[in-house]
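Below: one structure, written as structure tokens.
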Amino acid sequence: MLFDELISEFDRGLRSIAGVSRMSRPVPQPAAAAPAELSAAERKHAAGLMRVNHVGEVCAQALYQAQKFATSSSELKEMFEHAAREEEDHLAWTAHRLKDLDSRPSLLNPLWYAGALAIGVVAGRLGDKVSLGFMAETERQVESHLDSHLSELPAADVESRAIVEQMRADEVKHGKTATDAGGIELPMPARMLMRAASKVMTSTAYYL
């Protein structure tokens, strides 16, 4: 059984890196049609932002996989799995949007995935309360990051905006779930380190 789970998670990891993840929910659609075509500069900027969001979802898959295997609680395993499935939708949605924008995922996805997997292993080994606290803080920072993207996306890019809005709603839910399950607040140095690492990732992934 464990071997089957390892094969399944390995497959998920490969799909995350390759950008061929499955979606269980359709791509969110805007309520109204775009008011105008995006200019070349707007398409390039939107693609950079969506590439950053795609990298975030690659990292989310790695984090949840590591945390799922680190816990001995069947309830928490299911919680991490449920969150990972919803994040896999995000991964597929952002990949779909990048293709629509004639762009591509980050060339550094294997590196992002490996780094996030290592962080998830460390968080998981510190115990369930810390692991859940790490999940909650991650989701809070992602929520803030998505808020900034909603303000930065071109006004005419209603397709990307619809995706980001649904992603944000899911992230808020995941963060609350982690807190309700017993996640503790991480110390300020840990939160600052997470923000610094996120800044490096987002600044790099926008271009690469």
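Just so it is clear, glycine is given a Cβ too, placed from its N, Cα and C backbone atoms.
Cross-referencing Glu42, Glu137, Glu139, Glu152 against the Fe cation 2 binding annotation in Swiss-Prot, which names Glu87, Glu171, His174, picks out Glu139.
Per Swiss-Prot, the Fe cation 1 site holds Glu87, His90, Glu171; the candidate it also names there, chosen from Glu57, Glu185, is Glu57. Calculated from their C-alpha atoms, the gap between Glu139 (Fe cation 2 binding site) and Glu171 (Fe cation 1 binding site) amounts to 6 Å. Separating the Cα atoms of His174 (Fe cation 2 binding site) and Glu87 (Fe cation 1 binding site) is a whole-number distance of 10 Å.
What surrounds the Fe cation 1 site, by Cβ distance within 8 Å of the Cβ centroid and not counting Glu57, Glu87, His90, Glu171, is the set Gly56, Ala60, Glu86, Glu88, Asp89, Leu91, Val142, Met167, Asp170 from the same chain.
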